[in-house]
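Asks: Got a structure here, written out as structure tokens. Questions coming.
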């Protein structure tokens with residue numbers, strides 16, 4: 001995809017502030033999906049990334065809040081970004097949201113990284129809004145092209161060999177990170193098993209071990225599971241999205257797992273803040289908060305993680 005064309009697409013998308021709809025052509029969106037899909041498949045399913053990195057949780061079609069996140073954190077390529085999935089559904093502007101992220105991915109493939117969420121899956125976004133938005137603004141064919149692209153997204157990322165990121169959480173099947181590398185793409189999300197859990201599971205402070213999930217899919221896991229997994233794999237932190245949390249971020253398991261959610265006033269039904277996690281090159285984590293009412297930002301908690309020796313470029 002020509003850089004000038006791509007830059008023009010990005011420029012038009014960035015003009016969509018204040019809730020203004022940006023209508024790209026069907027051909028442009030198709031090109032975004034096809035080119036991004038090729039890049040996703042050319043990069044590992046378990047991304048190995050280097051700090052500094054800004055980490056964002058669920059966006060869910062809240063395009064104005066995505067633009068606000070970039071205003072706070074810096075527009076690519078000024079900063080490196082990792083998104084934890086759930087770009088579409090529920091919000092009013094799923095198309096603008098996913099198109100801007102795909103355009104940035106193509107333009108700056110080593111500066112912005114997109115993981116798969118449980119909503120980047122046909123049988124889910126068929127129901128929760130993305131299908132209807134595609135059909136209303138374009139056609140069902142285009143929705144199917146997005147499905148082909150989503151089926152190639154990576155599912156996990158490792159920052160400096162110490163911070164493991166995914167959309168959902170851990171799995172009773174996951175013992176070694178090498179198992180993630182063995183997942184073949186393109187793939188749909190199965191109803192059970194490792195890939196399902198990575199995108200669907202949740203922490204639960206009231207249990208030990210594993211339990212069934214109220215979602216009716218996947219499972220929940222206790223703080224003991226987090227500690228055991230991190231110790232066994234010489235990791236410091238699990239970073240995930242998937243759940244609305246009041247302050248935009250929430251720690252679990254003695255600060256060894258953090259949930260990041262980046263859609264403030266989620267769906268217009270919650271009074272939650274959104275958060276942007278910044279990991280500096282010493283693995284100090286700090287949070288930028290998008291408040292629900294006035295959307296004012298403010299930095300919050302900081303914590304240190306031991307940085308491993310540099311082993312050359314990965």
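Keep in mind that glycine also has a Cβ here, set from the backbone N, Cα and C atoms.
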Asks: Starting from the Mn(2+) 2 binding annotation in Swiss-Prot that includes 86, 118, 167, which of 35, 242 is the extra site residue?
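Replies: Answer, per Swiss-Prot (Mn(2+) 2 site with 86, 118, 167), from 35, 242: 242.
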Asks: Counting every protein chain present, what is the number of Cβ atoms, excluding its own, within 10 Å of the Cβ of residue 167 (Mn(2+) 2 binding site)?
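Replies: That number is 26.
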Asks: Taking the center of the Cβ atoms of 86, 118, 167, 242 at the recorded Mn(2+) 2 site, which other residues in this chain have a Cβ no more than 8 Å from that point?
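Replies: Apart from the listed residues, the neighbours are 58, 84, 85, 117, 119, 168, 199, 200, 241.
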Asks: From the centroid of the CB atoms of 58, 60, 86, the recorded Mn(2+) 1 site, which same-chain residues not already listed sit within 8 A by their CB, in sequence order?
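Replies: Same chain, not in 58, 60, 86, Cβ within 8 Å: 57, 59, 61, 85, 87, 88, 89, 90, 117, 119, 241, 261, 262, 263.
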Asks: Which ones in the same chain are close to residue 60 (Mn(2+) 1 binding site), with CB under 8 Å and 6+ residues apart in sequence?
Replies: 86, 87, 88, 89, 90, 91, 94, 119, 263, 266, 267
Asks: Cα of residue 118 (Mn(2+) 2 binding site) to Cα of residue 58 (Mn(2+) 1 binding site): how many Å, rounded?
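Replies: Answer for this pair: 10 Å between alpha carbons.
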